[in-house]
Every structure is written in C-alpha cells, then in structure tokens.
Amino acid sequence: MVAGESELSKSTLINSLFLTDMYRDRRLLNAEERITQTVEIIKHTMDIEEKGVKLKLTVVDTPGFGDAVNNTECWKPVADYIDQQFEQYFRDESGLNRKNIQDNRVHCCLYFISPFGHGLRPLDVEFMRALHHRVNIVPILAKADTLTPNEVEHKKRKIREEIEHFGIQIYQFPACDSDEDEELKLQDQTLKDSIPFAVIGSNTVVEAKGRRVRGRLYPWGIVEVENPGHCDFVKLRTMLVRTHMQDLKDVTREIHYENYRAQCIQSMTRMVVKERTRNKLTRDNVTDFTIPAFLPGIDIETEKLLREKDEELRRMQEMLYKLQKQKKNC
C-alpha cells in the first residue's frame, strides 16, 4: 500500500521500483476537483520476478488522501480497507474449505512524507498512529532531490525523533543472529539507519558520463535513481523485495492479523458472556444467541465450543504478548 498527499511522486516511485507503468490510464484531477475529492482505494496487480522466483504483487493506491480542505479522519477509508481484508481472511480461515485461501491482507504501507516543512505534519502523525497497529508502516521521505545531503540527514533525524515522541510504531527490522555473516549484519544496520528512506523516482533514461541510467537531468547535473550516494532507492527495493519481504508477511500474520483475530473472538465471547449473565441462560437457551454476521459457517451453539474459543483466546493473548515483547527488545 502507498499513502501520502499528492505530488510526492508516489506513482513514479512505484513504477521505478517494479519497472512498470501502472498508471498509464489514470486521469489527473484539476485543483477544483481535488478540493472535494474523497479518498479512494485502487488495486493494481502485477507479476514480478526476483532471482528466478515469480511473485504476484498487489499495489493498493490511495488517491485523494490529504488533498481536501478538511482532512478530518481521511485515514479512515484506508483503515477500513485493511480491516476488510483481515475480515475476509478470517471468514475464509473459519470456513470449511481452508486449503486454498487467497491472502489479500496488506503486508506493508509505504507512507510518503513531504520534504517541505520541518518534520511530520499533524496529518502524518494522525495517519500513522491510526494504522500502526494494523499494518507495517515504512516511512518514506519523498523527493529527496529537492534537498541537500545535509538537509536530508537533518530531516531524517527530525522525523525519527518525532516518530518516537508521538509513540508511532513503524516497522521494526528483526535483529540479526549472533552467528550471522558480518556483511549481512552491516547491510541490515545500514537499512535500519536509513529510516525514513529518502527516495527519488524516475522512469526516464538519461546519459551520465557515457552511461545510460534512470534519473533526472538538471542544469547543474544528473541525479541517479539507483546511485546509493544520491538516494535510498536501492536500499528500499532491497528491503521490500529481497531481504525483508517474508518478515513483513510474518509480522502481518503473527502480530497484526492475530491482534485483529483476538479482538473478534474476544468481542464475540464478551457478548455471549454478557447475554448469559443478564438472562441467566441455561445450556438450552444459549443456542438462541445470534452469532455476529462476520462469522458465517461457525456453529457456536454448545458450551464445549465456547470453552474452546475461550481457551484459544487465552493462548493467542499469551502469544501476542510474547511476540510484542520480543519486538520491543529487538
């Protein structure tokens, strides 16, 4: 998922990351249309190949985010979309046919931060705090070519400080094992130190010292997209596609989804207990309780299944506590 206000080159970066043109048919809105525009959710699916491995990638775009005059709760459609994917997976997982479940959960959100200003805007803080318990947030410092190297480092430091100050939980890179290769440890530490990734996107090929490279041509020189000395584009792509793709999926499954799932079961159990306590239900009239609509196909008409759900909830809460403690220690 990509999110952030317009004119931060989100589309260009996605095209640069995956060497495609996903937005060729998009109609650009004028200023008047953007004032009243609501946040949309648009999915693009493509097939990519990395080191001989074919992958199906879904990019979820959020046009209209932050563009209106009144941006109160403009993050809500995004949060609702993420929850809907969790709910659909929960339905499929609870059904009879669980062998071929399609996973449409959002595993990562690239949140684009404007390079203009002194750090995070209130909207940035509100968005990330609303979603950090739902999805892995990776902050992106957009349009790095508008800043000097010193300004990039200053803004990165400022954004990291504000993320910590506001209690925003962005994606945490897993710690390397003590017996890991030193080169791998160095690469991992370099990625951690690069947050937020300062990026430049370009689909244009330019000539630089006899070489043809993707970049931007300015009167004073060329900015190369894939030059680590110019921006963090290569580091971001390495993290997303090569080194941390599986961990992003694991964290989504083990923490964000399990947290959602535990809340569903806890809510359901709480409603059952409340109904039983209020009406002093017997085993016979427990079956009169109406199961929430988002749990089709689950038969919870007996005391035995209720006890199983209570026990499952307890185990999940213990597991979530251990996982969150491990992430915090890392």
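Each Cβ is built from the backbone N, Cα and C atoms, and glycine gets one as well.
TrEMBL labels come from automatic prediction, so no person has curated them.
Annotated domain 'Septin-type G' per TrEMBL: 1-267, in sequence order.
In the three-state DSSP scheme, PHE116 (site 'Important for dimerization') falls into the coil class. Neighbour density for PHE116 (site 'Important for dimerization'): within 10 A of its CB lie 12 other CB atoms from the protein chains shown. The site 'Important for dimerization' annotation in TrEMBL covers PHE116.
Model confidence over the domain 'Septin-type G' (1-267) stands at 86, taken as the mean pLDDT rounded to a whole number.
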